[in-house]
Amino acid sequence: MAQITPEVVLSYTKPASGYLCPLNANTFGIEFLKFEIKEYDTNTVVYQVAREPDSEPLPEVLDPEIEDMIRSVKYTFPASFLKFKTVRTLLEFCVGPQPVSNLRMIERHFFKDKLVRTYDFEFGFCIPNSTNSWEAIYDVPEYPAGVINDYVTSPWAHKSDSFYFVDNKLIMHNKAEYQYVQD
Amino acid sequence: MRVLMVGLDNAGKTTIVKRLNGEDITTISPTLGFNIKTMSFKGYKLNIWDIGGQKTLRPYWRNYYEKTDALIWVVDSADLARLEDCRAELHNLLREERLFGATLLIFANKQDIASALPVAELEKALNIGSITKRHCRVVACSAVDGSGLLEGFDFVVHDISSRIYLFS
Ligand SMILES: Nc1nc2c(ncn2[C@@H]2O[C@H](COP(=O)(O)OP(=O)(O)O)[C@@H](O)[C@H]2O)c(=O)[nH]1
Ligand SMILES: [Mg+2]
C-alpha cells in the first residue's frame, strides 16, 4: 500500500473505502476519552460520549465486524442541529508513555459523495502519559432550507473520515455516518 | 493567532480561559497535558494553548514555543510562597529565542483574594522592570469575578494584529 500522507487524504474526493491503516498502527496508545458536541448559545448538549482508558490492549486479530464497531460511529442528530449558529466541540484524549512529536487530525466530510467540509488541526507535541483536550467554538454557515431538507431525507448520506497522523504517518483512521431527524 | 498560556500550576490558567467564555468554573481539574481552545475574540481567531504547569510538566513547555504570537504568563498573586519560583520560571522562558517576537501579557490573577499582592508590588517581585525589547503588559485580574480578563485579551489581539499589519 502506498504511504498515506496528509496530502493523500486531502486529495480524496469521496469517502475512503475501508480503513487505511490497521488498529495497531496506533503505537502511541492514543485513546479518546470524551467527545461532546454542544450548541454554544444555549449550552445544550447534542452529543456526549465518555469512557475510561482501556485496561487491556486489544487482541491482535479482530473480527472485521468488531473492528468496524470500534472504528465507526453512527450519529443521529436532530435536524435543528443544522440550524445552530455556533457549535462547540470538545475532544479529550490520553497518550501513552511515549512522547508524540507531532499529532495532526484531518477530518473530511462528504454528503452524497461530495466533499462538504474539511477540518485540519495540528495538535503538535503531546506529553508522555498526558491527558489533553481540544475545544473548538465555531460559527456554522447558514444552510439554505433546501439543503437542510436534503440532509434530513437522505439518512447516512453524510459520511466522514477522521485521520490522525504522527509525523505525517497515518496512525488512526475512523469513520462516521450521520442522519438527521425532524424534531 | 496562537496564544501560549503558561505559569505555575494552580495559577488559574484554565479558569481564565473558561471564564472568558462564560463557562462553568466550579469543576476544573488540574491540567495533565494541554487544553487547546479554538475560539474567536473580537473577530480574531484565537488558538489558546493552556499547558499544565506542574514541575514535572515544565520541561515540556519548550515543545509549544514554535509559531507563538503571544505568551500569557499567569501568576497567582496570593501565592507569596512561590513568587520566587514564579519569577525564575518566567525569566527562564523569556530567554527562549523562539519567543522573542511574542507579545507578553502577565496576568496578576486572583486579585479578588484579600491577601493578593497589588500589581506594583508584584512587578517588583517578578522583576518585570528588567523586561525590555518586547511588548509587555501586566494586567490585574480575577478569573472568579472576571475583572481584567477582557482588558488583557484586548491588549493581546491588538498587539498581535498591529505587528502582523506592520510586517505584511
Ligand atoms: N479566588 C480565586 N481563585 C481562583 C482564581 N482563578 C483560579 N482560581 C482557583 O485556583 C485553582 C486553580 O485554578 P486552575 O485554573 O486549575 O489553575 P491552572 O493550574 O493554572 O490551570 C482553582 O481552584 C480555581 O478555582 C481567581 O481569580 N480567584
Ligand atoms: Mg490548568
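Using N, Cα and C of the backbone, Cβ positions are placed for all residues, glycine too.
The local packing around B:GLY53 (GTP binding site), expressed as other Cβ atoms within 10 Å of its Cβ over all shown chains, amounts to 22. The DSSP secondary structure for B:GLY53 (GTP binding site) is coil. The feature GTP binding site is assigned by TrEMBL to B:GLY7, B:LEU8, B:ASP9, B:ASN10, B:ALA11, B:GLY12, B:LYS13, B:THR14, B:GLY53, B:ASN109, B:LYS110, B:GLN111, B:ASP112.
Annotation for B:THR14 (Mg(2+) binding site): same-chain Cβ neighbours under 8 Å, separated by at least 6 residues, are B:ILE28, B:THR31, B:ASN35, B:ASP50. Here TrEMBL flags B:THR14, B:THR31 as Mg(2+) binding site.
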Which secondary structure state does DSSP assign to B:THR14 (Mg(2+) binding site), in the simple three-class scheme? helix
When you look at B:GLY7, B:LEU8, B:ASP9, B:ASN10, B:ALA11, B:GLY12, B:LYS13, B:THR14, B:GLY53, B:ASN109, B:LYS110, B:GLN111, B:ASP112, which the record names as binding GTP, what is the longest CA to CA distance in angstrom? 22
Looking only at Cβ atoms, how many others are within 10 Å of the one on B:GLY7 (GTP binding site)? 24
Check the DSSP secondary structure of B:ASP9 (GTP binding site), expressed as helix, strand or coil. coil
For the binding-site residues listed (B:LYS13, B:LYS110), most other Cβ atoms within 10 Å of the Cβ sits at B:LYS13
